[in-house]
Each structure stands twice: as C-alpha cells, then as structure tokens.
Amino acid sequence: MTSTSTEPQDTGRQDTERQDLGRQRSGGASTGAAGPAPAWAEPSDTPLALLLLGQGSDPASERGVDCPGELPAASDPGLVARAAAAKAALGDSVFVLGHHYQRDEVIQFADVTGDSFKLAREAAARPQAEHIVFCGVHFMAESADILTGDAQTVILPDLAAGCSMADMAALPQVETAWEVLADAGIADVVVPVTYMNSSADIKGFVGRHGGVVCTSSNAKRALDWAYEQGEKVFFFPDQHLGRNTAVLEMGFTLDDCVLYDPHKPAGGLTAQQLRDAKIILWRGHCSVHGRFSLDSVNDVRARVPEVNVLVHPECRHEVVNAADLIGSTEFIIRTVEAAPGGSAWAIGTELNLVRRLAKAHPDKQIMFLDKTVCYCSTMNRIDLPHLVWSLEELVAGRVANPIRVDPQTAAHARRALDQMLALP
Ligand code: SF4
C-alpha cells in the first residue's frame with residue numbers, strides 16, 4: 001500500500017450540520033408533555049445478540065477478522081487507566097474520533113464525536129495530529145485518509161470493523177452496471193451519486209464519472225445538483241436514502257424509481273425500464289436501519305399514544321412514511337436536545353446512540369423503536385481492548401492497522417467529495 005496523495009486539508013469547509021435537512025411529516029410531531037417519563041428500558045436480546053455485540057465473526061462480509069497483535073483481555077480491570085495513560089503519553093500527536101454509534105467505553109476517550117463526514121472534517125482540521133485513531137468503520141477511515149494530509153496516518157483499531165452497506169456495492173459490480181446503462185443508451189445522461197457510506201473505490205468511480213458524494217444531511221441538495229448536470233441519477237449504495245429523498249423531498253413517485261440488483265443479469269431491469277426511470281437505486285441497505293418495520297411504528301404508537309417517531313432516512317420507505325420526523329444522526333441528536341421535558345420519543349437508529357440519548361435526557365421518555373437489540377455489529381468491533389491496543393502500539397512506536405487509500409483512487413474520490421463540499 002502507498003500513502004495517500006490527498007491535498008492538505010481545507011479548513012474552510014461548509015458545515016454539514018448547518019446543511020442538515022431534517023424533515024417533518026405532515027401533521028407534525030407532538031412535542032407536548034406525555035406525562036411522567038418512565039425509565040429507559042433495554043430492548044430484549046435476540047439469538048443474534050453476540051454477533052451484534054461484535055463477538056463472533058463473519059469473514060464473508062467483513063474486511064478482516066484477526067487482530068495482528070496481542071489484544072489486552074476484555075476482563076482487564078486496568079483497561080480504562082491504560083487507555084488514559086497511553087492517550088496522555090501521546091498528547092497532541094494523536095486525535096481520537098468516535099462515531100455516534102460507538103460503545104460508551106470507547107466514546108469516553110473520543111476527542112470529538114460525530115457522524116462520518118463531521119469526523120473526517122475534524123481530522124482534516126488537525127494537521128498537528130500525526131495519528132488519527134478512527135473509532136468507526138472502514139469506509140469512514142478511508143474518507144478521513146482522503147481528506148487528511150500526507151503526513152497524517154489514519155488508524156482503524158479493528159480491521160474487521162467494516163460496513164455491510166458499503167460492502168453491498170463492489171467496484172466490479174458498479175463498472176458492470178455502468179456498461180448496462182451504456183447498452184441502454186443512457187450512460188451519457190446519468191449522474192452517479194454515492195452516499196458517504198461507500199468504499200473509496202466507489203467514491204473514486206463516482207468522481208471519475210462526474211458525480212458527487214452525499215450524506216444523509218445533504219442528499220436532496222446533491223440530487224438537485226445532479227439533475228442540473230444530467231437527466232437521471234444512479235444512486236449508490238443505499239436504496240432507502242435514495243428513494244426516501246427522491247419521493248419525500250423531490251416530488252418523484254415510486255414509479256420514477258427502479259431498483260438495480262447487482263446479482264441479476266442487467267440488474268434485473270429491461271433497457272426500457274432504465275430509460276423510463278428518473279432515479280436508478282442500487283440494491284443496498286443498512287442492516288441496522290433496515291430492521292425497523294411498520295409494525296415497530298404501529299406498536300409503539302399503540303403503547304405510547306403521544307409518542308413522536310423519529311427515524312433515520314436509511315430506514316425503509318414505509319417506516320419513514322409512518323414516522324413524524326426524519327433526519328440524520330446529527331438531526332436526531334439536536335431534535336431530542338431541543339424537545340420539551342416530558343415528551344416521548346421512539347427513535348429508529350443505532351442502539352448505542354439511542355441509549356446514550358436516553359441517559360443524557362432522563363426528563364424525556366426516550367425509547368428504541370424496535371423491541372429487540374439493534375446494534376451495528378461491525379461498529380461494535382471497536383471495543384476498549386482494541387482501542388487500548390492501538391494506542392499502546394503508538395506509544396511503542398508502531399502503527400497498527402493504518403488505512404491508506406491508493407493515490408489514484410484517492411484523487412478521484414476527492415473530486416467527488418469536493419463536489420459535495422461545493423454544493424450550494
Ligand atoms: S449502521 Fe449501517 S450504514 Fe452505519 S456502519 Fe453500520 S451497517 Fe454500515
């Protein structure tokens with residue numbers, strides 16, 4: 001692997017938090033008092049709980065399963081002290097990023113928390129930090145590597161921390177799909193748009209083909225821009241974010257959307273279907289947000305009459321349609337913070353974040369939208385032993401698990417990221 005070829009960071013970037021397009025369904029959310037707030041109740045375990053908690057492995061879908069060094073035992077009572085000591089010894093040379101979906105045991109050592117794009121920008125804004133320890137998943141560390149300077153190294157404490165959604169769109173599949181569009185005679189009028197939650201390879205593809213990256217906060221603006229450049233959009237890899245944005249925010253109908261299945265010949269679509277579509281959605285989804293169902297929404301409404309249902313746009317269309325409010329993780333956090341005491345919220349996003357919000361706002365009734373646990377299994381792979389190990393390796397002068405995007409891919413991906421930063 002070679003080191004990144006990215007330019008020094010741009011500290012004057014637009015603030016995606018200001019760009020957040022949190023959406024409110026017609027009828028509005030109920031923010032009035034809902035009576036005394038009961039204590040937070042954990043959703044129940046499922047047979048998948050161990051895997052969801054980051055134990056066990058799935059080598060077919062993750063980027064690696066073995067830690068190359070000696071991990072401290074999870075039972076070591078000195079782990080917190082060891083992490084604190086290593087971090088203090090490293091001083092400003094290390095900067096620890098913590099994604100909102102990370103465990104509390106890891107978040108306590110984060111210098112900053114946020115969503116994937118905010119964290120990449122935070123890393124880029126700290127050129128003095130020689131090492132960026134990214135407590136998130138692989139595509140996030142890649143984006144941070146692309147946006148940080150050549151002298152900085154991004155570290156992922158566990159290489160098994162991939163993203164099942166990002167893994168659903170592989171570059172050879174996307175190259176093949178583009179040939180299908182060319183055969184249908186529409187490649188020239190299609191603009192590719194990829195969600196931040198995609199590999200550097202896919203961002204590079206999109207950059208090579210004149211497209212743009214988007215986040216869950218700015219997806220509408222990215223699509224508006226794309227439709228100024230061409231007639232149709234090919235949206236990767238999250239079908240739900242693409243569909244929800246196109247239908248709920250841009251006035252398209254479900255019939256304007258077609259689903260390209262990379263596991264079927266020609267995506268399972270005819271040339272005419274491709275020519276008639278306004279937006280071609282890649283068949284990918286988030287395995288965490290995809291678990292919420294219309295039944296979850298109906299059930300919580302029956303149990304808690306004045307509840308406000310607040311969900312992430314990675315949820316399925318019928319779930320988003322039934323919700324009161326829709327928005328990114330940053331939007332969800334701000335909405336809960338601004339809510340009046342006593343109000344009730346059923347939140348459809350990753351469990352670590354919902355649980356943390358419940359702890360931080362005991363005056364509000366905050367519940368998880370589903371009755372069963374719904375962690376991001378790969379996010380949960382970053383635990384305290386891995387964090388301690390990666391920090392102590394740095395103290396010892398060794399860099400464990402560096403994430404480096406090859407210079408050519410990084411340059412193309414940077415173009416698509418810069419186009420996002422330039423969105424009005
Ligand atoms: S929550 Fe979903 S999109 Fe986010 S890292 Fe996990 S699998 Fe990927």
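Just so you know, glycine gets a Cβ as well, placed from its N, Cα and C.
TrEMBL labels come from automatic prediction, so no person has curated them.
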| note | Joining CYS163, CYS376 at the [4Fe-4S] cluster site recorded in TrEMBL, out of CYS286, CYS315, is CYS286
| task | Report the candidate from SER216, SER217, SER293 that shares the iminosuccinate site with HIS99, SER116, TYR195, MET196, ASN197, HIS312, PRO313, GLU314, THR329, as recorded in TrEMBL. | result | SER216
| note | For TYR195 (iminosuccinate binding site), the three-state DSSP class is strand
| Which binding-site residues among HIS99, TYR195, HIS312 have CB under 6 Å of ligand 1? | none
| field | Other same-chain residues whose Cβ falls within 8 Å of the Cβ centroid of CYS163, CYS286, CYS376, the recorded [4Fe-4S] cluster site, in sequence order | value | TYR101, VAL137, SER164, MET165, ALA166, ASN197, SER287, VAL288, HIS289, GLU350, THR378, MET379
| Cβ-Cβ distance under 8 Å to ASN197 (iminosuccinate binding site), same chain, at least six residues away | SER116, PHE139, CYS163, MET165, ALA166, PRO237, ASP238, CYS286
| How big is the gap, in Å, between the Cα of HIS312 (iminosuccinate binding site) and that of CYS376 ([4Fe-4S] cluster binding site), rounded to a whole number? | 14
